[in-house]
Amino acid sequence: MFTIGLLTAVFLAVLSLISGMILTLLIQWYFFNRYLMKLPMVTQTEEPAAELFEIPKSLLDGCFKPEPAKALNSVLQFLFQECRNSNRVRRWFRARLSLELEELLTRTTTGKLFEAIALRELNLGTQFPNIDCIEIKHLTVNSTSGLIDDLELCLELKYSGGFQLTIDANMRLNKTARVSVKVNELKGQGCLKFTRRPYTHWSFSFYSDPQLQLTVESLFQGRALPQINSIIASQIRKALKRKHTLPNYKLRYKPFFNKSEEGGVDDSPVVMLSGGLDVAVLQVSRVSDSIGPVYCSLAVDSMAWVEMVHSETGSYLTVDVSVLKQGSSLGVHFKQEFVADKYQVCFVVESVAPYVVAEVRPGDILVAIDGKKVTSLTQINKCTKQAAERVPLRLERKLKILPGPPSDDKLLEISGLRHRRGSGDKTDSDSSNSTSLSDSPAKKAVQETPEHKAPGHRLSFGAEFEQQLQVLTTKEQPFSQVITFNETLRFNIHPEHRFLNLSVWSKGDKNTLLGHVSLPLASVCVSSVGHHIDTHYLLPPLPHLINSSNHPLSSHNGFEPCLCYGDVLLSTCFTASQVPMISPTQLTPATSLAPPSPLSNTHDFERTHFNKATQCGFCFKKIWLKDAFQCRGCAMTCHKKCVGKCLAVSSCSRYTSQPEIVTTAVEDNDSNKPEQTSLGEGGTLFSLESEEGDEVSVALKQLLSRPQDEELMDQAKATGRQLFADLAPEARKQRIDAVMAKLKSAMDEESETHMKLAREEQASTSSESRARAAFLLGKSEEKLHALTVLMLHCCAGLQDSHDNTLTLSLPN
């Protein structure tokens, strides 16, 4: 009984202890939650964390004193011992040495004696180079931004690790040789330099010739040749002096800085996005020198473009495309034509081969090929033949202005990114306080009154879907090496948007483009990372500047001229909409908003015999036997031998014609205006609903609006039989006679104008007046040809009327 009572007491004591502990914890948890709930709620900030860089003051004090680098040496030796035998490090050394050997084989006179040079063995040695002393030789800090512009370190280097490599060489006369080089000692004063001018890079070189001791062993056909060992060692020392001794050095980037290739058009599948995109322009640095203030313009669009230029005569979009050559043919045909909007002779795209997948359209104006401005058709052919497989083109595309109904939510004032002003235009000095497009720094100064307000415009992609072009600009900031904006712009992203186009401008009497970049929205709209901060290099405003060699660093290896036009620091935050996205597999032709893939529809060729000689639409060569294949969808004609290639690289244009960018102006629709049926659609050129005095001008205008082709005469003759067919025979004949009389009068008047322009062209002395006369002469020839077609159209109708009269007069 005593034992049972003792156990009971112990059990109760333990139970009381555990219960007390639990009760104490519950009481503490209650009071802790009660205290915590009384604290005020703190909202989480969504601003990007982009604080300015600041150099520690302790680092600036006494930074030019030399000091030993034992701690740095220990770190480097540890990293070397752990990484020297890794495949990644050995592959890097082999790749670098292979490039050096390839340069020796292709660019030197000695390389002509060898057919091939290969790296056989590689030994990284036993230790990493030791730094006896390190000293800051030069340090430049920007007084405005506080950033380090230049940092030059002086290093006392000493190496005795025994780096060794063995090279096998095959000579021209079927002979073999082997050379083994071992570095016994390398000692010298090195210069390690980091700089942000003109772009961020680093370099290493020696101030003077270093002390270099080598062990060279050479074998020729398996036999030792000690006589040439000293010659090889001497050549290595000369190469070290020529490439890695000041003033010679190579611009380097890895492993600290990676060169980013911006602005390239992404050929990957389009990622359909929808939502809001906040773009914060934090700062712009290292742009070209500018006298006036600087501002940025940003736009979202379905294509990557450089700039949009608006003037009183027209609006043009500058785009960069890359065309893949098929053999020696580019697949794009150009013609020389006088463009009235620009008042100069330009090179216009006349036709595009079906296999050209790039965004090239007939009517585009060619500005440059491979960064070179074009001046003649001969130069275009020469540059095309000399270019590589991919030919970069810079084109200007006109935005067509078409009448359309007003739309409150899609109005966009045409102020543009760049405005070509007339002599009477002035710049608004107060425009820097706005970030909207309507108050863009590029707009005209005169504020329009409600009585004289210009009509609004919007960008449209045709009837299938409409796309609103969104262009926003930042406030103007004074020019400096580092320009701070810290301004956030918001865009509404739709599934058809693909690129964020950014341009940096200098404000002045004429806005000057300093740089641009086009970023794929698929990489910018990352909804899972919150604020995404990244630096993007700007591309030059003109393509020929990429190949410029005027920079002082252009003589050094590794120089990249396309990185010399500054960079922009952006912070982006994408918020996806709650509307469920439609995947490409769920889209149907009736609900798809995006244009179809260029290769999604293939041709449907069938063998056809032609009555006259025709031309192959793939290779542009003549089909001599008049027997070829023709597509049922797009009527493309093709050789039998070209059918396979055409199916592989081309698509049927009947289904895949890309929508054309047009600018739609707000105008009042006249519902009482009769519709005219075009000749190509099977209707007549003259409508009964047209006024008799205006019927010739209406038909002429309609005919001049369509392209000229060889089948136009046949179509005019065939459709002429339906001319005024609803009238009585006698009334029809009188109506056709009246129209033919007007046509004869118009042809006589136009013939006199044509002769006058021909004499004016011959008498012109200046190139401008001659070009103007040639342009007007070409228009006059087109008008004469159109009048001839109309006359043939009327003659066919008159003949049909005469035949019908004879048929009715014959006895049954």
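Glycine is treated like the rest: Cβ placed from N, Cα and C.
Features as listed in TrEMBL:
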- 6-32: transmembrane segment (TRANSMEM)
- 65-255: domain 'SMP-LTD' (DOMAIN)
- 318-399: domain 'PDZ' (DOMAIN)
- 361-536: domain 'C2' (DOMAIN)
- 402-459: region 'Disordered' (REGION)
- 430-440: compositional bias 'Low complexity' (COMPBIAS)
- 441-454: compositional bias 'Basic and acidic residues' (COMPBIAS)
- 602-652: domain 'Phorbol-ester/DAG-type' (DOMAIN)
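The DSSP breakdown of the domain 'PDZ' (318-399), given as helix, strand and coil counts, is 10 helix, 42 strand, 30 coil.
For the domain 'Phorbol-ester/DAG-type' (602-652), DSSP puts the residue distribution at 7 helix, 16 strand, 28 coil. Sequence-distant contacts of the transmembrane segment (6-32) (same chain, six or more residues past either end, CB-CB distance under 8 Å): none.
Across the domain 'SMP-LTD' (65-255), mean pLDDT in this model comes to 85.
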